């Protein structure tokens, strides 16, 4: 029997991540090849014409799974009845701007979108925040949408997770699908900690630890970490635009695994509301290793954390606590 369509909201839909993301959703990359979707696209009034152009292209692409398109500049209309919300819209930092100025712009955006989602989205709506500062934007959204369960609000660190998988696969010259269980801890910023201590590679002789196969701790503890941390900046330098294709693809991965589940024995990285696991302060949106089942994530528990890792986990938590304080200071 045909499934009922799922309503998926993309904010900032006329932007370049939105432009890469909506065809992926319409093709079934996010929710599966048998799941019809209705796309809700929101952007700001100056982008209304461009947004309409994206809608025209979606019609022209004749996607079999796409059962409808709502393109609007009205947050209430955009949020009404949505089951999944991918928050790509935000205020990007421009040259010469202070962090606090950017933060205050994003706080006001996420405050108003939180209330639209809370009042109008479907009851069990899953929310993914992509716009930077992603962790803190998600935290503001959570604060201003108290009736949305905290387990339904997340931010994107799957892009960093996939970047880490990609670096290992290139270094070892193996298929990226054979590498698993890297972890991104903390903030989606250059303070994040890409951790390979529990990661493995499928080989003809069974699963082997990444550390053993790479056999170069200096690289794994140095250049590997900084490459993943700085990858976004490297892409901007090369493309003169921020990473859009990879961000869109990882947003699909994040939602797909959350809704449809992670394979047995595999975990992924998601920015979720901290409950104090791994001695990370509660009350932050922090990236953890998670496994997903029946539409719910749970933090993978009991992984040993060495001294090197502990320092990194604490440093990124500290940055998130500072961001949280800065965001709250914008609320007054």
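Just so it is clear, glycine is given a Cβ too, placed from its N, Cα and C backbone atoms.
Listed in sequence order, 132, 133, 134, 135, 155, 156, 157, 159, 160, 271, 287 are the same-chain residues at least 6 apart in sequence whose CB falls under 8 Å from the CB of residue 188 (active site, proton acceptor). In the three-state DSSP reading, residue 188 (active site, proton acceptor) counts as coil. As annotated by Swiss-Prot, active site, proton acceptor applies to 188.
Counting every protein chain shown, the number of other Cβ atoms lying within 10 Å of the Cβ of residue 132 (NAD(+) binding site) is 20. Sequence annotations record features per position, and here Swiss-Prot assigns NAD(+) binding site to 16, 17, 43, 90, 113, 132.
Counting every protein chain shown, the Cβ of residue 99 (oxaloacetate binding site) has 12 other Cβ atoms within 10 Å. Per Swiss-Prot, the feature oxaloacetate binding site maps to 99, 132, 163, 188, 243.
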Euclidean distance between Cα atoms of residue 243 (oxaloacetate binding site) and residue 17 (NAD(+) binding site), Å: 8
Distance check against residue 243 (oxaloacetate binding site) for the binding-site residues 16, 43, 90, 113, keeping those with Cα within 10 Å: 16
Residue 113 (NAD(+) binding site) to residue 163 (oxaloacetate binding site) - Cα separation in whole Å: 29
Among 99, 132, 163, 188, 243, the record's oxaloacetate binders - longest CA distance, Å: 25
